[in-house]
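Peer 1: Quick one: the structure is below, and I'll ask about it shortly.
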């Protein structure tokens, strides 16, 4: 009896020390569970992906290429006509506008679109009205869940929103469950080791530029970076717990030297050292101040980590192969996305940036996407050619070139715009050693096409990022808020919206572009581009407001351009977003560009959903002619054959929400989120919801 009593606790202790489930199989099922959650999110976002397939958007944004520029039909058939009818302003039964009282209405003035309330329609060369091909709109969440969006978007820290914190908290508790389920953490050190290894494929999947998960979920790799960092830290913590546990166990038994001398354990120690070194050089200091060191340490440690795990335990080979497969797939796609081209670099001192023109690439990207650039020259330093930097594309693709690009002079083209004949345009802000050297390299050069510039060899890779499954053109109104060099994002998105509206392929009926800069002089180089955009927004009102935050005793004087304003101080974002909501709610009524009261139709009801805009009186000289008949005037604007399609449908649509795009520092993004939160919940529901697309500086 005594022997039985003594042996019973011993057997219990032995049972407690042995795991009751296989850690290898259990962690495999945990990985499948995480993949299943990703699958649920994929199916939740699938309707937006399907909606995107119904438009040309899904074919773009993958491979950079060149499309010959020019009409494919004979010149006599290569032009179609957009015809605009508008009533003279003010109407006969209304008093003149206070802004016009005391001024004689000359013939030229009475025929300018800036002085008229207009009612446009698209027709082809035969006079048939063009059918509007609206993109399908799918909201980001059901209407009954919109009340959660403000909370989920609110930032708890500069780098994390409430929604991201909830995701990471759920992720964390899944791994906590995996750590303690049927396992004694203080005895079973293998469980945390398996957790570390099982997370490695996820770390790689969240990080690669050509992101498989990002493609499925409609997100750029930069949007999954917070998951990459979190999973990477879990790998580091679990691996260290695994190593410390066995070190403690062997030290108590006095067998540490003998155990660590075994090849499999020595390989494990090497893997642990690689992970710890990789973590130390992944801190924000190295990422932001010595990116090359951060990158090279990543490559070196990864190159040692994979064979170390391979030799540590044969059971880890499937995970190692999974990581290597994802990494190899990324580089296969990079190979097809990479081009070596000749580009022209030009300095823009007023904006403190360098403009890069690549005429041999003019298609293959979507608005808001970026590319990674390597300058193949020692002009950016002896090792500068090894660095790659991301820059947002500031131009639209060739198939999306704007009306008037052919008629604009060289000065207007190289200072802003892009796309079409000009190809891809990048604007590189002086924000570090490499970009400053690039700027100096551009300044110390000769002349190209009559302007200061220099031709260089360029390694370009992309496109990446962008709006994913979000289609800006499917919303009723758009607000684009940018800070500093974020104007590249703003230009590309606004140009894309204006172009699609000219084609009859956009629901957007009001566009607000808000640019916040320190120095008002930054506006000067982009004036031709911004003025051209306003002139080309024939069917959709475009308002551009530039705000400068630095005290300037003598701000530069700019010409009076309808729709463009320059103001001191920070923008009143809440008021701007609220105005866009009002414009979206006015779909079906007739608003002029200045936001006047809606005009009733002849029956006293709401007019058809045609939007209004205005152009300055000089626009007619380059793009059309006027013919006056009675109280109705007519404007004809020549556009390329691709700009208009021939169908017969009125421009009538539903209200599909407001999209707010922001590109700039984290503080600007936070201000935008706070501004959207101020909009009354009832108005948000009436307008179909307000969505935010963020492109935040830094990472």
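Cβ coordinates are placed from backbone N, Cα and C, and glycine is handled just like the others.
Nobody curates TrEMBL annotations by hand; they come from automatic prediction.
Positions annotated as transmembrane segment by TrEMBL: 25-44, 160-180, 192-209, 230-248, 268-286, 293-310, 316-336. Here TrEMBL flags 333-470 as domain 'FAD-binding FR-type'. What TrEMBL lists as region 'Disordered' is 592-627.
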Peer 1: What residues in the same chain, six or more past the boundaries of the transmembrane segment (293-310), come closer than 8 Å to it by Cβ-Cβ distance?
Peer 2: 197, 267-268, 270-271, 274-275, 277-278, 281-282, 286-287, 316-317, 319-320, 323-324, 327
Peer 1: Report, as numbers and ranges, which residues of the same chain sit near the transmembrane segment (160-180): CB under 8 Å and 6 or more residues beyond its ends.
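Peer 2: Same-chain residues near the transmembrane segment (160-180) but 6 or more away: 26-27, 30, 33-34, 151-154, 191-192, 195, 199, 226-227, 230-231, 234, 673.
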Peer 1: If I count Cβ-Cβ pairs under 8 A between the transmembrane segment (230-248) and each of 192-209, 268-286, 316-336, which range comes out on top?
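Peer 2: Result: 192-209.
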Peer 1: Can you name the far-off residues of the same chain, 6+ from the ends of the transmembrane segment (268-286), with a Cβ under 8 Å from a Cβ of it?
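Peer 2: For the transmembrane segment (268-286), the far contacts come to 229, 232-233, 235-236, 239-240, 242-243, 260, 293-294, 297-298, 301-302, 304-305, 308-309, 312-313.
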Peer 1: Express the predicted model's confidence over the domain 'FAD-binding FR-type' (333-470) as a mean pLDDT, rounded to an integer.
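Peer 2: Summarising the domain 'FAD-binding FR-type' (333-470) by its mean pLDDT gives 80.
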